[in-house]
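To start, the structure under review is shown below, and the notes come after it.
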Amino acid sequence: MSLNLAALAQAANEARGLGMDAVEKAASGHLGLPLGCAELGATLFGHAFRYNPDKPEWLNRDIFVLSAGHGSMFLYAWLHLSGYKVSLDDIKQFRQLSSTTPGHPEFRDTPGVEATTGPLGQGVGNGLGYAVACKMAQAHFNTKDHKIFDQKVVVLAGDGCLQEGVAQEASALAGHLHLDNLIIFYDSNDVTLDAMAIESQSEDTAKRYEAYGFEVVTVKEGHNIERILEAYEHAKNSTSGKPQLIILKTTIAKGITEVAGTNKGHGEAGVKFVAAARKGLGLPEEKFFVSKGTRDYFQAHKEKLQKEYASWEKLYSEWRSANPELAALLDSAKVTPDASKLFSVIPKFADAPIATRKAGSDVLQPLAKALPLFISGSADLHGSTLNYIAGAGDYTPKNTGGRNIKFGIREHAMGAMLNGFAYHGIFRPSGATFLVFSDYLRPSIRLAALSHLPVIYIFTHDSVAVGEDGPTHQPVETVSSLRLIPNLDVIRPGDHEETAGAFVAALSRTTGPTLLALCRQNLPNLSQFDVNARREGVLKGGYILQKETGALKVIVISTGSELNVAVEAAKRLGDGVRVVSMPSTYRFDQQPAEYKEEVLPSSCKKRVVIEAGVTPLWHKYVGLEGKIIGIDRFGTSAPGATVLKTLGITADAVVAAANSF
């Protein structure tokens with residue numbers, strides 16, 4: 001399809017009109033980017049991009065991530081014009097309750113939206129994750145005769161995105177990994193929300209990205225479709241082996257003369273000038289107007305794209321016939337792993353005391369072998385988090401099939417990249433660091449939970465038992481604060497077998513992220529209790545580890561490394577004491593009322609909780625009469641056992657609390 005500049009220019013102005021009308025109707029939203037990047041949208045969606053609006057999950061589609069998610073009407077307008085299932089009525093419901101056009105793009109809610117974005121810079125990390133996943137897919141599934149994967153990943157980012165630390169971490173890693181399938185369009189309009197960008201930035205962005213290892217092209221005429229296309233085609237076909245940054249010099253809110261090029265053009269301030277702007281753009285007074293010419297153009301373009309899809313589908317069918325084992329492996333990406341099958345590949349543990357981080361490593365190896373699409377990364381801590389997949393190789397520019405990813409000391413980029421992997425959907429991502437550093441990637445964890453992404457976090461060194469490193473490295477509030485994130489399953493296993501259950505629980509969950517909080521110090525394997533009961537009990541979040549002898553008098557509840565302390569205390573207390581292990585409050589809370597009553601009968605008011613962390617969240621489980629043994633202060637630097645004793649995380653404390661009723 002030849003380049004039809006007149007049709008694309010008309011479509012750009014009509015997309016501007018849709019943006020203005022939607023924001024005006026909602027009395028809320030951001031006009032700046034949808035108007036400032038309209039020609040970019042026309043170039044990509046109207047000519048250069050490979051997609052199929054009827055098959056939005058096409059495996060080999062080009063990926064578009066709107067990192068500057070506040071400009072969501074840019075994306076909705078182009079999805080509508082391109083023929084995705086985003087209707088004009090959907091556009092009219094922009095930012096309204098239960099609409100498919102929310103204020104910021106949300107994955108799964110809107111066909112064609114590839115990532116949940118809004119917190120600036122996250123989309124850059126997501127794009128990097130997508131790009132690595134695409135490279136890995138090529139390495140794992142392409143053959144000499146059938147190259148079924150060769151797509152590009154395009155990110156649209158603004159000044160705010162590139163100022164954020166997560167984007168800087170991700171960009172540095174993208175250059176290091178030579179991700180030549182990644183193209184970042186930088187909407188360089190020299191404006192931020194508060195003021196002109198020069199008031200908060202003065203670096204040379206082009207030189208910064210060249211230093212990262214990018215090839216950089218600047219398009220001074222950012223509203224010239226021919227120049228944009230030239231830059232995109234250059235980036236797409238470059239043989240430099242580098243990721244690409246295209247700096248697009250644009251005018252924010254172009255079309256609304258009164259606010260264009262100023263920070264007032266960022267939000268909805270220009271709405272009161274929409275009528276004049278519509279006239280200046282050559283649009284009729286009719287709201288939400290799309291001309292027949294634009295409809296016809298995109299229908300013809302859609303037919304062209306569908307021919308490309310049909311050609312690929314033929315290639316894909318031939319690939320499946322020629323490579324049944326690879327086809328089965330690819331199909332497995334859409335199948336939720338069966339917990340019983342996963343348990344069957346994990347060997348039973350010996351009785352020797354080991355840390356749950358080491359138990360995690362022992363569990364991870366057979367599971368990773370059984371699940372060839374499972375990948376594991378670490379923020380420069382594989383040697384401590386022990387989540388390296390033996391024999392799977394490192395992902396490098398020369399080994400793009402490697403399943404271990406070295407993120408470097410870039411926790412935030414790791415979090416955003418893991419989300420990108422999960423959005424991609426073929427590989428099952430996991431990443432590791434120390435639990436106390438989870439705060440460095442919390443925004444990405446939150447977005448994973450919001451987007452229902454099956455990311456697995458392996459966070460070790462989970463309590464004050466870290467010891468000598470002191471309070472900067474001793475998480476006390478961290479586990480509880482993470483439990484507050486909706487749809488995040490935080491599992492803190494108490495021994496080897498519970499660790500096996502935790503990994504299986506994580507891998508068999510596909511509706512959201514799972515966080516495994518593992519300890520540094522050695523723990524006894526509670527081998528006096530049934531192996532399967534411990535493994536499978538984790539799947540329910542909480543279970544009776546040790547049933548009382550005789551009439552029930554006291555319930556002791558515990559998690560993680562304090563579970564053995566609870567068992568020791570129960571032994572000393574004697575008859576009538578029940579020990580409940582609760583590695584996951586999230587899972588336990590989802591159990592039927594009958595099960596929860598069976599584990600924690602309401603008739604028993606005498607309850608004690610022990611966990612080496614802050615106490616407030618435990619009140620719902622002990623009630624007004626219960627006792628909580630925890631740590632409502634920061635830790636201290638000393639050997640781990642000394643710290644635990646000093647802060648009262650002991651069997652003596654549990655016994656004293658139980659006897660105080």
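The backbone N, Cα and C atoms fix where each Cβ goes, and this holds for glycine too.
Residues or ranges marked as substrate binding site in Swiss-Prot: His30, His266, Arg357, Ser384, His461, Asp469, Arg520. Asp469 (substrate binding site) counts 15 other C-beta atoms within 10 Å of its own C-beta, drawing on all protein chains shown.
What Swiss-Prot lists as site 'Important for catalytic activity' is His30 (among others). Residues near His30 (substrate binding site) in space but far in sequence (CB under 8 A, at least 6 apart, same chain), listed by position: Val23, His70, Gly71, Ser72, Met73, His266, Gly267, Glu268.
In the three-state DSSP assignment, the secondary structure recorded for Phe437 (thiamine diphosphate binding site) is helix. Annotation source Swiss-Prot lists thiamine diphosphate binding site at His70, Gly118, Pro119, Leu120, Gly160, Asn189, His266, Phe437.
Among residues of the same chain six or more beyond the region 'Disordered' (99-118), those with a C-beta under 8 A of the stretch's C-beta atoms are 22, 28-29, 51, 53, 56, 63-70, 72-73, 75-76, 79, 82, 84-86, 90-91, 93, 126-127, 130, 419-420, 423, 447, 450-453. What Swiss-Prot lists as region 'Disordered' is 99-118.
Counting every protein chain shown, 27 other Cβ atoms lie within 10 Å of the Cβ of Asn189 (thiamine diphosphate binding site). Annotation comment: Swiss-Prot describes Asp159, Asn189, Val191 as Mg(2+) binding site.
According to DSSP, His266 (substrate binding site) sits in a coil region rather than a helix or strand. Other Cβ atoms within 10 Å of the Cβ of His266 (substrate binding site), summed over all protein chains shown, number 25. Swiss-Prot lists His266 (among others) with the feature site 'Important for catalytic activity'.
Look at Swiss-Prot and you will find Glu411 tagged as active site, proton donor. Around the Cβ of Glu411 (active site, proton donor), a 10 Å sphere holds 26 further Cβ atoms from the protein chains shown.
Neighbours of Asp159 (Mg(2+) binding site), defined as other CB atoms within 10 A of its CB across all chains, total 21.
Recorded residues His461 (substrate binding site) and Pro119 (thiamine diphosphate binding site) have their alpha carbons 29 Å apart, per Cα-Cα distance.
Note on Phe437 (thiamine diphosphate binding site): other Cβ atoms within 10 Å of its Cβ, all shown chains, come to 20. Of all the binding-site residues listed here (Leu120, Val191), the one with the fewest other CB atoms within 10 A of its own CB is Leu120.
Taking Cβ-Cβ distances under 8 Å and a sequence gap of 6 or more within the same chain, the neighbours of Gly118 (thiamine diphosphate binding site) are Gly69, His70, Gly103, His104, Pro105. Of the recorded residues, Asn189 (thiamine diphosphate binding site) and Asp469 (substrate binding site) place their C-alpha atoms 46 Å from one another.
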